[in-house]
Amino acid sequence: MSVKAYLELIRVHNVVGSAVSAFMGYVIATTWKFTPLFFLPLLVVSLIAAGGYVINDVYDIEVDKINKPERPLPSGRIAVNIARRFSIVLFAVGLIISIPLGLIPFGFALITIVLLYEYARSLKKLGLVGNFIVALTSALSAYYGGLASGSLLGNFIIPTIYIFFFTLSREFVKGIEDIEGDKRNGVNTLAVKLGEKSTWIIAKIILGILIFTSPLPYFLGFNVIYLIGILALDVLLVYILILHNTIESATKARSLMKIYAIGTLIVFTLGSLRI
């Protein structure tokens, strides 16, 4: 058994990002007050996210044999039946760990598992529906951290909404990048439906709204670290807005959006400190 192969399979860097997102939601909701169980929502989110990545690779194996033959499943480093069982274990452990957090967090964990499974099994091919599910489950990582602290609503809703729309725009950009492969595989993305230029316009409108509204959290309780950080990060989005509406630009934009996503988690987290 290769540990490296399993870390690749769960996309460990993405899982860490999900955990950081949950941590952000938690510290915003509690104003950095920790209970002995503060780590549980981080574990729940990490395990369920990992399970989602694994089951996604299970259903994507035929496509990955062509597009990503080096991945653990198509390369044969991990057997498909083993990966399927591994995803079940990850989902089950994540769900069990959510029980001490209460009925509502348990329910959210269960719903997220169902969404991730159905996305991998069939909803991904619906394109726009799949984009919304990816955006929703990404945003739920932040929301879950706040929810697990005992709050249904609070300032943690702000980054949750922000993450949803940012991820949605990133999914549209990814659809532009993957348009040829999606056409061949019958994935009905927005880019396949409308074409790359129209999809670029929609993605840029969303990013433009995010830039315009990005200072608002400062006036809703986040500190000056947030304001300075988000305005600096907005430069990346402005650069994306001036890129040409092409497939090549989508590849460049996606790389910049990864940097922006990490930076946003940091500035929202530090921006919740009471200074």
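Cβ atoms are placed via backbone N, Cα and C, with glycine included.
As recorded in Swiss-Prot:
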- 12-32: transmembrane segment (TRANSMEM)
- 35-55: transmembrane segment (TRANSMEM)
- 88-108: transmembrane segment (TRANSMEM)
- 125-145: transmembrane segment (TRANSMEM)
- 146-166: transmembrane segment (TRANSMEM)
- 200-220: transmembrane segment (TRANSMEM)
- 224-244: transmembrane segment (TRANSMEM)
- 255-275: transmembrane segment (TRANSMEM)
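Most Cβ pairs under 8 A with the transmembrane segment (255-275) among the ranges 12-32, 35-55, 146-166 are made by 12-32. Taking Cβ pairs closer than 8 Å, the transmembrane segment (12-32) reaches residues 38, 41-42, 44-46, 49-50, 53, 138, 141-151, 154-156, 159-160, 163, 261-262, 265, 268-269, 272-274 in its own chain, all 6 or more past its ends. Among residues of the same chain six or more beyond the transmembrane segment (224-244), those with a C-beta under 8 A of the stretch's C-beta atoms are 204, 207-208, 210-211, 214-215, 217-218, 252-253, 256-257, 259-260, 263-264, 266-268, 270-273, 275. Long-range Cβ contacts of the transmembrane segment (88-108) within its own chain (Cβ-Cβ under 8 Å, at least 6 residues beyond either end) map to 10, 37, 40-41, 43-48, 50-51, 54-55, 117, 140, 143-144, 147-148, 150, 152.
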